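*Asks:* From TrEMBL, here are the annotated features:
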- 1-27: signal peptide (SIGNAL)
- 416: active site (ACT_SITE)
- 468: active site (ACT_SITE)
- 477: active site (ACT_SITE)
- 527-604: domain 'Carbohydrate binding' (DOMAIN)
């Protein structure tokens, strides 16, 4: 139910209410623990077939027929919040922000042991987004609809509501949806460019296509997918997403075309004109301005430098507004939390904290200060603002309440979330009916039977008040895009004040493999891949390993034209034929049958094998 209809904004200054922050006395927070728990929340939000290494055990498979009625496989992805709808716009924004968090602070995540979980969380989203983009000018933007979904209170494993799929295409455009999805795929391609280059290339190809689609066929997506209007209406329009996508495509590809797009369209599309006091799934301008400022400080703006200086000016006005040191400041609660709206205000807290964090590091790297109307501000002060917001979220507030479920001792226990509020299907498989779920589970005045660890709920009101009640959806409903910006801030705060430059390219370290893991099944709805180490030997002081990979056709049809991506392979391979950047089986694979290929390489962890494409006949 998400969402925050959003966000009216203007260029006129807002009246600032100056509120003083009380002197609360609190202990230090364990940002590493909060970071770890954030990724558990994403596992709880998964739709589709859950993987073998799923850690949130109270969840089961769900949405296994998604897209079938439309002739497309839309199994997978994330439920956005406490309901069972898959909304494309906030899901893509979630992927973009998770990717940006990794791009900036992947090293800190690696040091925390959470980089693999972070990359898995991104890939769960991008795997779905790739399915949702079956043709260059077709993108599926929603599965299910909020009206029928909200009439029912069912766990995802039981849902009987509509799973209709809704799409945009040239006759029904959606530049905001296509632009955000292009941004997500471009940002994610940076995340995977070292560890899975074939996958990164595939993502970037889709990003190129989606940007061209968004720019050529212009229109608001909620005019084409009208069922989204009550939940994720695009109030800001699509101009910001076009700039946002161009910024990420430039960062991912280094192609001059996208830098020129930012330079030539910054004025016409509002990027250099709007002074923002919010950043989120609908309004991307502050994010565009922050990225453009980074490009400028890196010396990449070239002949467009005068335009990029205007982007930077607007980025700095956002930062000053967060600090309360600008001409148009963001309201704060008496306890010091920035406050934008009653419904899920925490989304704006986490996103503003992220922009402040990265901009603080950009300034520090460039040895510059922030220029506000009240005077210069050091990068350290900007980072301190972000830390204050995170600390409030984690419990340093007048109620001493943590707004991350499972963190601290006092956190929400009656979350507005179908899956967590209904007994797990693994504990009691008794079917929960549409309306029966309201009578039996929604109305219970008891704690949730399943702990939605890591979820960040909507949070308190403008006066720091909060009611932990399941029907109080404005305050107790979580959302995937609440956590996505926060994971970067948590990684940064946990990493401390180590010396590094955010203006230099950051190589994302590869996740460390588990040396004990010798069998690695990877399953999808139609295909299962299982790898097993079968032998190892030492030659001239170096150990080599032989792996057997079994590909099983789990569908009821014959599998043809199967293409596999194999990366992180350091040796020879037999049983597959090379085809461009992919590998193909020479024969078709009947239903239920298996084929094997083998390879030898010099790592005691298996290569990365994934399905690129296939057909069923």
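Heads up, residue numbers simply count up from 1 along the chain you see.
From the backbone N, Cα and C atoms, a Cβ is placed for every residue, glycine too.
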*Asks:* In sequence order, which same-chain residues at least six apart have a C-beta under 8 angstroms from residue 468 (active site)?
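*Replies:* Once residues fewer than 6 apart are set aside, residue 468 (active site) is near 412, 413, 414, 476.
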*Asks:* Taking just the CA atoms, what is the gap between residue 477 (active site) and residue 416 (active site) in Å?
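*Replies:* The Cα atom of residue 477 (active site) is 5 Å away from the Cα atom of residue 416 (active site).
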*Asks:* Which value does the mean pLDDT take for the domain 'Carbohydrate binding' (527-604) in this predicted structure?
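*Replies:* The answer is 76, the mean pLDDT of the model over that range.
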*Asks:* Return the count of C-beta atoms lying within 10 angstroms of the C-beta of residue 477 (active site), excluding that atom itself.
*Replies:* 25
